[in-house]
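Asker: Right, I'll just put the structure down here and ask away after.
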Amino acid sequence: MIVIVKLGGAAITNKKGVCEYSACLDPLLDQVRQAYCDLQAQGHQLILVHGAGSFGHPQAKKYQLKEGWRTSQPGADYLKGFSHIRACVQQLNTTIITQLEQRGVPVLNITPLDYLHARHGQDTPTERFEALVERTSQYLQLGFVPVLHGDAVLDDMRGCTILSGDVILYHLSKWLPVARCVFLTDVEGIYKADPKLKMVPQSFEILSHISVKDTVEVSTSFTVADVTGGIQGKIQWAKRMVSDCQVDVMICRWGTKEALDMMTLQNTFTDKMTRFSLF
């Protein structure tokens, strides 16, 4: 079986800064290493996808890269912005790859820009992900752990766009025999309001089970840049993974026992988890 783990940008970076790593990156990657070892012992496989966090969202917002340049040739600002965000994302990816390799995880990175030409942002047809999926599958067959990430990519309609790691998870799940997708973040799951805004009374109420049919309204803060839809975008793609790909999807806090259980296909569910499922 294949498990995909999404390392959220809020977990691996400080999203209140610019190009700042999370102070908790080391223990998070220690847990990923443990999950890899446990999965390998069971004969299962692991794919990692990481967000960009403060290495991508502020840059994309500054240079308006999600909307793209929408002309045949980008202007000087777009050239500068696209080059800059790619350098920042590659810096983060190199750090993740290097630290996991040093922990004994046989990782190989797959850069979406090199394998995918988008068409109208997140509405890009599934067939355009074929080359990306084929390379991922090849690495899995050889025994490697593929590491993909949210990225700035070229786009037929927009010139360029920002491709969310959540979108990549969805298309990997459509093409590959994925059993479970686990989103690791810095909070317990999906809350009715931003749990980091402690003055909001409902901010501590977790939505432990969300049906594909549910309409979920989650109030969020806008203190940090997020150009890929934030928590509402995550809910949207998680629901699509469940309905279109028939995979289990969980969102949980890294470092917890529940997170390790979910990553290693242990069927332990608690009220502190958020699980997207069909009711």
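Placed from the backbone N, Cα and C atoms, the Cβ positions cover glycine too.
Quantities reported herein were computed from a predicted structural model and do not represent experimental measurements.
I grabbed these lines from TrEMBL:
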BINDING   Ala52, His57, Gly165  substrate binding site
BINDING   Gly53, Asp186, Tyr191, Lys192, Ala193, Asp194, Pro195, Lys196, Gly230, Lys234  ATP binding site
DOMAIN    1-252  domain 'Aspartate/glutamate/uridylate kinase'
SITE      Lys15  site 'Transition state stabilizer'
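Can you tell me where each of these features sits in this structure?
Answerer: The Cβ of Ala52 (substrate binding site) lies under 8 Å from the Cβ of Gly9, Thr13, Cys88, Val89, Leu92, His149, Gly150, Asp151, Gly165, each of which sits 6+ residues away along the same chain. According to DSSP, Ala52 (substrate binding site) sits in a coil region rather than a helix or strand.
In sequence order, Gly8, Gly9, Ala10, Ile12, Thr13, Asn14, Lys15, Ser22, Leu92 make up the list of same-chain residues 6 or more apart from Gly53 (ATP binding site) whose Cβ falls under 8 Å from its Cβ.
For Lys15 (site 'Transition state stabilizer'), the count of additional Cβ atoms within 10 Å of its Cβ stands at 24 [all protein chains shown].
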Asker: Across the listed substrate-binding residues, Ala52, His57, Gly165, what is the farthest Cα to Cα distance, given in whole Å?
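Answerer: Largest pairwise Cα separation, rounded: 12 Å.
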Asker: Roughly where does the domain 'Aspartate/glutamate/uridylate kinase' (1-252) sit in mean pLDDT, to the nearest integer?
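Answerer: Reported value for the domain 'Aspartate/glutamate/uridylate kinase' (1-252) is a mean pLDDT of 87.
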Asker: Using a 10 Å cut-off, grab the number of neighbouring Cβ atoms around the Cβ of Gly165 (substrate binding site), all chains included.
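Answerer: Within a 10 Å radius of the Cβ of Gly165 (substrate binding site) lie 26 other Cβ atoms.
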Asker: Tally every other Cβ atom lying within 10 Å of the Cβ atom of His57 (substrate binding site).
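Answerer: Looking across every protein chain shown, the total is 25.
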